[in-house]
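Asks: The following feature annotations were taken from TrEMBL:
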type	residues	note
TRANSMEM	6-23	transmembrane segment
TRANSMEM	44-70	transmembrane segment
TRANSMEM	82-102	transmembrane segment
TRANSMEM	114-134	transmembrane segment
TRANSMEM	154-171	transmembrane segment
């Protein structure tokens, strides 16, 4: 029984990570305008983070949360490696809150997760990472990064939550049958 749980955990976590990487890779082989790609890809990655939090829990969700910004850096979406831990922290925030609150109230879990992820990213990236760890970044690049890590994060996390409300009931029924 313990082996089955472990195999299920590893398999489901791996599938969700692979799906998140696939979504992150959309921008590499589809002509998505850069202003749109954050909303499309970001929403889909947030969907994977939320599903991971609900289906495999905090541990599996954190694996996806930590590895997705590493992949984003390797794909040159995050231009500076210093951004990786900050994005991982934002991802971890939504995972932990959703995992802890979803069974109590899924709407509160998704709203709190989206809002807190946005706040964590805004505070840590815009007010810590950019001014203290990237002081020599050109002003226009700082402005663009500050914009990307502000309100669009709330939108993409919220869209990911709405998508999860659609996908999770179907996924949970399918998992019950297996």
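Using the three backbone atoms N, Cα and C, a Cβ is placed for every residue, glycine included.
Each of the listed features needs to be described in terms of its position in the shown structure.
Replies: Away from its own ends, the transmembrane segment (114-134) comes close to residues 46, 80, 82-83, 86-87, 89-91, 93-94, 97, 142, 145-146, 149-151, 153-154, 157-158, 160-161 of its chain (Cβ-Cβ under 8 Å, at least six residues beyond either end).
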Asks: Going along the chain, which residues at least six beyond the ends of the transmembrane segment (6-23) come within the CB cut-off of under 8 Å?
Replies: 41, 44-45, 48-49, 51-52, 55-56, 59-60, 63-64, 67-68, 71
Asks: Residues of the same chain, at least six outside the transmembrane segment (44-70), with any C-beta under 8 angstroms of its C-beta?
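Replies: Distant Cβ neighbours of the transmembrane segment (44-70) are 9, 12-13, 16-17, 19-21, 23-24, 26, 78, 83-85, 87-88, 91-92, 94-96, 98-100, 102, 110, 113-114, 117, 156-157, 159-161, 163-164, 167-168, 171-172, 175.
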